[in-house]
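Encoded as structure tokens, the structure appears first; notes follow it.
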């Protein structure tokens, strides 16, 4: 029982008169959460699992201890503050011990100074960070057959999605095309009922559906009209990510009267558990996200897919690895849950990652081999490239080009930005009908107040044969994704090509002295944009994909830990969409969308991890991560080194050889990941050792978030048994160790070699080792500074097995004289 001093009695008295602006705070308390409680509280037996495994959340021990923690949260708040002056939003009991509360800044200060309270942090926001990718990754021919075919791929594995919800009526999540799903007693989640339709969100494929918005509501950010007070996806993003990871196989993707192929998730038979904590306009709040993760682990998910990350490194804790969000995920991994998180979309600039910790698998985004291109052929013979998922104009026929600004009904409509072609009522149908309408790509398209879809609708309603959207200026980093439209249409994204079009149009168009057009003589035709072009140069690291080095604190100091971990498809990904979704204006009302982002890459890894988990149900999250990383490839389909999109000096896109800071260990190879030969395993105690070994980290902060003292240390964080080696400050010679475990069915001998760029010498010991089935062996890697270049050097350790296994880990180091 807490002892209250006279000082705190006075604080209670003064708290009755606290006024001020209220904020949401996440409070952590002394005392272990369920996942790490080993006993010691009278009347409550230990609840911590013996090893890194799932908690039996239905046991009386767990439920009674969880209620005990919650009652202590309520008692503390009730003792300190008058009823009505605060509102508790959540109690966190399973992964961290604490709560989220809405109260004033003065009340927060009182909490900070109270015995038993370890930290009080103001809540912060987070942001949201496939018809072809199964074939691109070899799933139908190389992976699904090993598990019994697509109709068994991911069987009984539960993937939890902390995202914007789901559109449960989409065919990607239906059950009528599949065999019946059997009951899954290991999963304890619940299904909310749609308050509008009164229909259950679950159907056997979708096995759980809950929403978390208490922090969003308390902050005044929640709009029930568009955000939906239910798991219903009001954005589209959540349906998209769920379908990528676990959508049904063979779902026709039909839009604008055209079929773009058949969609499938990576693990089409896996179950989907929805934990909605993201919303359309504002993203989400960490208090809601932590509650969603806590509930997901309590319910018994196997995999967590997180296409969400912070807006910036945490400023309060200073350490990127320690905050309520990452600490919750550490506890999730302790409970045996594999976590895939989007690396972020701040590329191609260095240190733009928003996924930092070693227990998380941080996923970068690649471009696969499918590209959609189109072209506009002008009457002067010039062919201008562009993008547009559209049909062609009639073969062997050209059409007159008319610019929107030249076909206005009167000059007064200029206030409506008519060149955007968003309002058909301001344009003269008599001049547009039967011609190709020329429009301008303004800033309105960037901010979402104008859309390619609306241009298509305007052109169609005016009787135009098609449309052209010319980009006359562009900001660095602007992404142009092809948009499916039902009439011929193209976006000319290259500014110089747009100038060619405008010059030709102006030369060909005669005007009177007032500038009014006397005759339209410019002509052109639009090609067929529906047919994709397959490139052997794939995969490539997408321009937007966030890059390393990883950082360990708010001051952007480099960490001795490689991020991102792995690369997966994330550009132009076809998948399910919510007709309610308004996140992408071009897909409003549609059931499918083709969009890009590391948000699309993370569920690829989540789905593939489900396949690995299905094949190896006893493997730890670290073993699954290791299997994915050590079997990945640094080569493209042509057998050449992976390339990464970068900016050139002129801000145009160029290609450079990819480094581990672009793609981690390389591009995922699902077939090889099922049989990796060796794994680099790690668990909760190893991650604690990593934290306790990180220079500059506050050991009291570690205890605050993990409820564990720094009794163990691995000497240096680079000794963490990850399938990568990173030394950010290498002086003279530095030696690290790694331990591998043979997960193959038989004994195997491995020859170990290493190579590094010339500035750093590398040596491994021993040069070979033989491991029996299930055996573990340790080897060392020594790095020595040869010359100081002021930049990182890259290399790899390669282990070749006598039974054909190849195990590769990246090595990254920067040398200093002292």
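Note that Cβ sites are derived from N, Cα and C of the backbone, with glycine treated the same way.
Just so you know, TrEMBL annotations never went through curation; they're auto-generated.
Summarising the annotation, TrEMBL assigns active site, charge relay system to 163, 237, 599. What TrEMBL records for 25-127 is domain 'Inhibitor I9'. What TrEMBL lists as domain 'Peptidase S8/S53' is 154-638. Sequence annotations record features per position, and here TrEMBL assigns domain 'Subtilisin-like protease fibronectin type-III' to 719-812.
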May I ask for the distance between residue 237 (active site, charge relay system) and residue 599 (active site, charge relay system), taken between their Cα atoms and rounded to an integer number of Å?
8
Cα-Cα distance linking residue 163 (active site, charge relay system) and residue 599 (active site, charge relay system), given in Å to the nearest integer:
10
For the domain 'Inhibitor I9' (25-127), what does DSSP give as the number of helix, strand and coil residues?
32 helix, 27 strand, 44 coil
The domain 'Subtilisin-like protease fibronectin type-III' (719-812), counted residue by residue under DSSP: helix, strand, coil:
1 helix, 62 strand, 31 coil
Taking the Cβ of residue 163 (active site, charge relay system) as the centre, how many other Cβ atoms fall within a 10 Å radius?
29
